[in-house]
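Right, one structure below, let's go through it.
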Amino acid sequence: MRGSGPRGAGRRRTQGRGGGGDTPRVPASLAGCYSAPLKGPLWTCLLLCAALRTLLASPSNEVNLLDSRTVLGDLGWIAFPKNGWEEIGEVDENYAPIHTYQVCKVMEQNQNNWLLTSWISNEGASRIFIELKFTLRDCNSLPGGLGTCKETFNMYYFESDDENGRNIKDNQYIKIDTIAADESFTELDLGDRVMKLNTEVRDVGPLSKKGFYLAFQDVGACIALVSVRVYYKKCPSVVRHLAVFPDTITGADSSQLLEVSGSCVNHSVTDDPPKMHCSAEGEWLVPIGKCMCKAGYEEKNGTCQVCRPGFFKASPHSQTCSKCPPHSYTHEEASTSCVCEKDYFRRESDPPTMACTRPPSAPRNAISNVNETSVFLEWIPPADTGGGKDVSYYILCKKCNSHAGVCEECGGHVRYLPQQIGLKNTSVMMADPLAHTNYTFEIEAVNGVSDLSPGTRQYVSVNVTTNQAAPSPVTNVKKGKIAKNSISLSWQEPDRPNGIILEYEIKYFEKDQETSYTIIKSKETTITAEGLKPASVYVFQIRARTAAGYGVFSRRFEFETTPVFGASNDQSQIPIIGVSVTVGVILLAVMIGFLLSGSCCECGCGRASSLCAVAHPSLIWRCGYSKAKQDPEEEKMHFHNGHIKLPGVRTYIDPHTYEDPTQAVHEFGKEIEASCITIERVIGAGEFGEVCSGRLKLPGKRELPVATKTLKVGYTEKQRRDFLSEASIMGQFDHPNIIHLEGVVTKSKPVMIVTEYMENGSLDTFLKKNDGQFTVIQLVGMLRGIAAGMKYLSDMGYVHRDLAARNILINSNLVCKVSDFGLSRVLEDDPEAAYTTRGGKIPIRWTAPEAIAFRKFTSASDVWSYGIVMWEVVSYGERPYWEMTNQDVIKAVEEGYRLPSPMDCPAALYQLMLDCWQKDRNSRPKFDDIVNMLDKLIRNPSSLKTLVNASSRVSTLLAEHGSLGSGAYRSVGEWLEATKMGRYTEIFMENGYSSMDAVAQVTLE
């Protein structure tokens, strides 16, 4: 801070002892000093007291150049004139000298008393501070001195490189400031033994020479200079971010920041060059950069200490030493990595922090499934994965000669779906195996270190013998006669017919118009495609069919028709064209007459045959009741079960009324070529075979994700009918909340049903995995979708019979869709009273009581099941009635008990559940009513905030249906835990049901 003196003299005032509220009292032991006259002992005693009270330590960021309190010998200061400033030399209680100067020439005019210090080295500092501690007498307290007494004195300095250059004239000194006292003492202070000590600080800079002198000028004050301290400020040495910053003298300017570079401590390296800034006040500011302990060392208490054995640090960027990862060790200090144990490995690309692993053991329990066109393999992952998660599988196919006992690798004739190497799934399909061939498939589990292990391969073998397979592709196709409107082709049998060729299927289309193609079938190896455009390129593909099914199409062959010839040739075609037109007209007339005569009945023209019976009663005996293919876009009035259905009203048709299920499936479903489907992985097992996910790419359409159900090998005719019936049922439905049938594959093996793919799988499993993750509105949205789908089925006259959360599929957008339409159900007299299907038992806990007792399945019984589904959704997939037996469930429902409300269930939803569980089926709501109710709840979310209270849950908890005999359970809590209802214990206790006798009395009332 700049003062009034020249060359940057600064003024700082620090109110110390004697200033403000910090006025010390003179000790009683020194009270006698104040009774003496002003001169002599009194003044000396006073100065001693002041000196004894000011021996204080300096701050760590201040370096003293001079402190008169600590000088043991003579100060060497000079006073002139000699009768001016007077040195008082005393010692303290430790016999240390006390240097004090006083002057009190207040009665004489024109005082000019100087006190000069010895030469003071600045030690390289360009800015220094002077701290003065002094006392001053109040002029008003001195009788007779008002005209000559002053209450200030002056301080000067003079720079010099010479420590012996004290012969300085007064005018050569540079004034720093005029010093005034904040407080002065009076005679009263002496009487009260109070001493008022002033502290003033001034700064000077910038300095340019090695040292300087100070001078104090008295002009007529009564003053005692108790101590003089001269110092400079520095930023003290410090360790920050593992960098050492040395003592740094502050700059000359009070606002200057000096940038200082740090040096890294031992065993550390530079990350970003460490820097800090030293402020004028001696404080470190603005740290930049840092050092890091090098590899093998960690930071502790500002130093880098070595990593102990068993620990390592791979990089300076790591913070601390880490314990060696699993299956590795180190016995050295300062380790940067750990060594793998015997038989364990780490890849070069693996970081040192990764655990050492070993190759996995062999896969387990491999099984095979063989059909005419492929081999399916499935297995369980290895018991020992080697410690890693990167297990994949490699399939090695060997073709074996059973007589010679020799095996060779299969080569390229076998295709692996999805792949042979790097397989992540535990299943694979091999396509195009040879018929009647012995294969050995070696399934090897590998991971990232398998190549590093010198040990033997770990694999499981599966031996397979194929039966008759579909034919291999046709490879050799030759063109025959080519005209402007026709192309003749011939070809050879496939290299591997794998049986008797029944026929060939030829597919052709104009180039670049693949979506519009024509199919020709031929029992010979030659065909002629007619009706083609002149001068056009056509693409042909051929495949063969045996009893095992169709093979794959051949590669594409391109042939071009000849161009149209000249005018004469065109004229020659006129008679032919005329004949063709005439023949066409005749054929058209014959067909019209044929239809009008009612002969279509004899040809089995499908639903139109029932119209024939109306128009031509005499033909009824010939037509019978027949169902055949009809254009799905065509809407006609037809008979069904004795009722007339008007055009535009869709009604469910039971596919079992068809003599041939293939006819039904082709009427309601679309045939898809197997080559359009890519199987990716097995996702489950259905009633009739495996369920897989894959991709469907139809010509001219975008690729779709699909799910496929396959008909297992060795199926019976009844199984085939039931399998196709499910597709026939599904194909009749078109609703966003009903699973969509994409098509069927019936012309090749395996027979497949292709549906849309639902990413999240079954609803019950999905809810269990995401327990508590959805809002009430989201749950109601799911229920609304299910209800909308069931309303659609009800409107079509279809009764589902097995509505449960497990039969609801949910996609990635949380859209729920009703599925599982293919089960036939038979009521058996088993102790569980469950419906048995070929896929297993369906528990009766979802089934309405009238359906259990009288086999009355209606839309109303589906509504009961829907209420159970609501309970499953709100409880996030809990099992209805928990662990109660089916007989207990039947008894409880018949006696009027119902499932309790799930926890935190909105009252409106639980009331809807109870409505669905009305014993009288006519009292239950229709699905149309349910959809409307849920729509209202969604539009008014506040109506869902009212929850079912605790006491109402107790009344529906099926108390007496858990063997409540007094000896069965010792406490209510034990009974609730046994029935999987332990979370309701607190509710029972709060409502007074603390004993088994009390629980046994629970009724609906």
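From the backbone N, Cα and C atoms, a Cβ is placed for every residue, glycine too.
Note that the structure is predicted; figures quoted are calculated from it, not measured.
Feature annotations, reproduced from Swiss-Prot:
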type     : residues                                                                       : note
SIGNAL   : 1-26                                                                           : signal peptide
DOMAIN   : 62-240                                                                         : domain 'Eph LBD'
CARBOHYD : Asn266                                                                         : N-linked glycosylation site
CARBOHYD : Asn301                                                                         : N-linked glycosylation site
DOMAIN   : 359-469                                                                        : domain 'Fibronectin type-III 1'
CARBOHYD : Asn371                                                                         : N-linked glycosylation site
CARBOHYD : Asn425                                                                         : N-linked glycosylation site
CARBOHYD : Asn438                                                                         : N-linked glycosylation site
CARBOHYD : Asn463                                                                         : N-linked glycosylation site
TRANSMEM : 576-596                                                                        : transmembrane segment
TOPO_DOM : 597-1005                                                                       : topological domain 'Cytoplasmic'
MOD_RES  : Tyr652                                                                         : phosphotyrosine
MOD_RES  : Tyr658                                                                         : phosphotyrosine
BINDING  : Ile683, Gly684, Ala685, Gly686, Glu687, Phe688, Gly689, Glu690, Val691, Lys709 : ATP binding site
ACT_SITE : Asp802                                                                         : active site, proton acceptor
MOD_RES  : Tyr835                                                                         : phosphotyrosine
MOD_RES  : Tyr984                                                                         : phosphotyrosine
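Residue counts of the domain 'Fibronectin type-III 1' (359-469) by helix, strand and coil are 6 helix, 53 strand, 52 coil (DSSP-based). Comparing local CB density within 10 A for the glycosylation sites Asn301, Asn425, the maximum falls on Asn425. Tyr658 (phosphotyrosine): 20 other CB atoms within 10 A of its CB, across all protein chains. Note on Asp802 (active site, proton acceptor): other Cβ atoms within 10 Å of its Cβ, all shown chains, come to 20. According to DSSP, Val691 (ATP binding site) sits within a strand segment.
Counted over every protein chain shown, other Cβ atoms within 10 Å are most numerous around Ile683 among the binding-site residues Ile683, Ala685. Asn266 (N-linked glycosylation site) falls outside any helix or strand according to DSSP and counts as coil. Counting only the Cα atoms, the space from Asn301 (N-linked glycosylation site) to Ile683 (ATP binding site) is about 57 angstrom. The distance from the Cα of Asn463 (N-linked glycosylation site) to the Cα of Ile683 (ATP binding site) comes to 24 Å. Nearest neighbour of Asn425 (N-linked glycosylation site) by Cα distance, taken over the recorded positions Ile683, Gly689, Asp802: Ile683.
Straight-line distance linking the Cα atoms of Asn438 (N-linked glycosylation site) and Asn371 (N-linked glycosylation site), rounded to a whole number, equals 14 Å.
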